[in-house]
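> Annotation source TrEMBL lists active site, nucleophile at A:53. What TrEMBL lists as substrate binding site is A:111. The domain 'Pseudouridine synthase I TruA alpha/beta' annotation in TrEMBL covers A:6-105, A:144-248.
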């Protein structure tokens, strides 16, 4: 048995998210179907570092899976890449030790969130950025976003009723800039783990702060109160990208 | 009767081109259907500055049409924009003189062509750039593309059997750069008119030159011989953008 780690990218538009589920097209199912063909009809299960929701994209999702033989990794990457559907690409494959686990090995994730604040929106980007056609003050968001950095209980920024018990996470980097060329807002968050819908809820809150309908102090208020009702709305998934995953050593 | 000029953008992916045709979804048909609703059920015909093929995108297509009344242009733009399908956006509307014609008034067009030379390709851009996963020497293409500038008979770069008789056109600007951020090749062409498939054939030839499978002198050879067989293959439409149209006042 040989364990493989793969970096994959996908366009989330036509997927009901990463994780396999009945009666829905998922990234996991498409890759497993392709691996089945490459593995003489024997089932292969893949494990992703993180689940992404419907419409959410990835440049650097990481998966692992086992095959009976040791294969040439570039040939395997090429075969998997060309046989997977067009909206999934296999960026890199490496052989890893048998105890590597994409999800449980310690790692840091970076998410990016694109917001098209143009009016009218760019039709080419309608599935690749969230449209927010209201005035925003970038400096207010840049001030507020700093309060997300550090170790906090993020209960107020996750969806109600999630099963995870410990909601303390560390965000090592949080920033928002305006891309000169596209005019889009680019939010970037890095950390050791994110709760369900956390990034989208943080962005929804920051946009409301930028628009002046919530004070800059609202981030602190949500963190301290742990009250989801005090945060802004969940931003749409189409602006979200799982950008990169870095494993410790 | 009032004549309106509109700048529109659209994602060409799900269209069989700009021009209305039976049993196919076209940009013209979708806008005319929307204008019909905004004009109390009376038919409105739109005229585009240029036709774009299936899969070809536009940031700055120009159309004109007539309505019985003079309307507030921003209200009209907003109504048309929100009622058109998601892959069409109405960027600007202005009232123009009754003799303005989007196609026949003298104008210059700028086209852009994006080529993803990454390996593997970016799945988010699979409908918005043409993938060319072979090595290319940018400097060879930059040298060759200069031969396209100026006034030439472009017969060798158009599709065989086009009905247009005069194939002499002037290209005022032709360049190719590598976008630092995306790594994509960006071809830009401006001129007073382009023949059917001309841009895609020029790009297909330039890529072959960049890949070393045609000499830098091939552009001159195709222009002088007017022989389509000596040009490279037609590049796919998904990388092509009608970027901007400028009318001589």
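In case you wondered, yes, glycine gets a Cβ from its N, Cα and C as well.
How about a rundown of where these features are and what they're close to?
In three-state terms derived from DSSP, residue A:53 (active site, nucleophile) belongs to neither a helical nor a strand segment and is classed as coil. Every protein chain considered, the tally of other Cβ atoms within 10 Å of the Cβ of residue A:53 (active site, nucleophile) stands at 17.
Every protein chain shown contributes to the tally, and the Cβ of residue A:111 (substrate binding site) ends up with 24 other Cβ atoms within 10 Å.
Confidence in the domain 'Pseudouridine synthase I TruA alpha/beta' (A:6-105), given as mean pLDDT, stands at 97.
Across the domain 'Pseudouridine synthase I TruA alpha/beta' (A:144-248), DSSP assigns 35 helix, 30 strand, 40 coil.
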